[in-house]
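Participant: If you scroll down you'll find the structure; I have some questions about it.
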């Protein structure tokens with residue numbers, strides 16, 4: 001048996017090829033799996049459950065079917081932090097706190113999206129702190145749908161422009177933040193996404209940090225079992 005982790009699919013109506021690849025993954029890669037964890041940024045943007053795009057509603061139906069036989073867990077990312085209980089229930093996903101500790105085949109493991117570890121990106125961390133306030137999210141949800149969509153598009157555009165100007169170091173995790181989380185959670189394994197830099201890192205010769213990759217050019221999935229870990233890519237099918 002094994003547990004699967006994915007993240008950073010950034011699904012959108014503009015890239016339905018990624019949605020198709022994800023559907024194939026759900027159809028073919030879940031044999032003998034104990035659970036599926038989605039570590040955030042399942043969608044490129046999410047402005048509210050009441051504005052879910054048709055492709056997202058179709059995906060929710062697919063996930064709901066999968067969840068009848070396989071538990072699906074979801075941690076919010078920086079792109080889909082407004083995804084709520086309404087859509088999660090429709091998709092059969094169980095929402096988890098942004099930092100969650102689980103026992104994985106005898107190894108205590110902390111899982112998260114990963115944006116909280118990029119502490120050198122001060123501008124983003126200020127925005128992240130603002131969006132963490134329930135009152136801010138509530139005020140946003142009260143805005144007219146067109147206004148919410150416009151704000152989301154603006155944030156997305158600014159983020160893409162800003163990221164092009166930021167250094168590699170600033171956009172990666174900060175080692176001190178990683179070490180602090182290991183100490184705080186008393187774990188020896190960490191699994192996250194966000195940076196789009198899939199790798200398995202050994203920290204201080206004692207802990208393991210695994211980064212799942214994005215799905216822009218190919219899929220990425222981490223399989224964890226009692227025998228160890230396997231981080232692999234999933235090439236998209238070409239027609």
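Residue 1 is the first one shown; counting continues down the chain.
Cβ atoms are placed via backbone N, Cα and C, with glycine included.
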Participant: For the Mn(2+) 1 site that Swiss-Prot assigns to 8, 10, 41, which of the candidates 196, 201 is also assigned?
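Facilitator: As annotated by Swiss-Prot, 8, 10, 41 share the Mn(2+) 1 site with 196, chosen from 196, 201.
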Participant: With a 10 Å radius around each C-beta, find which of these binding-site residues (41, 121) has the fewest other C-beta atoms nearby.
Facilitator: 121
Participant: Return one of helix, strand or coil for residue 78 (Mn(2+) 2 binding site), based on DSSP.
Facilitator: coil
Participant: Among the binding-site residues 41, 121, 196, whose Cα is within 10 A of the Cα of residue 78 (Mn(2+) 2 binding site)?
Facilitator: 41
Participant: Other residues near the Mn(2+) 1 site, CB within 8 A of the CB centroid of 8, 10, 41, 196?
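Facilitator: So the extra residues in range turn out to be 7, 9, 40, 77, 79, 193, 194, 214, 215, 216.
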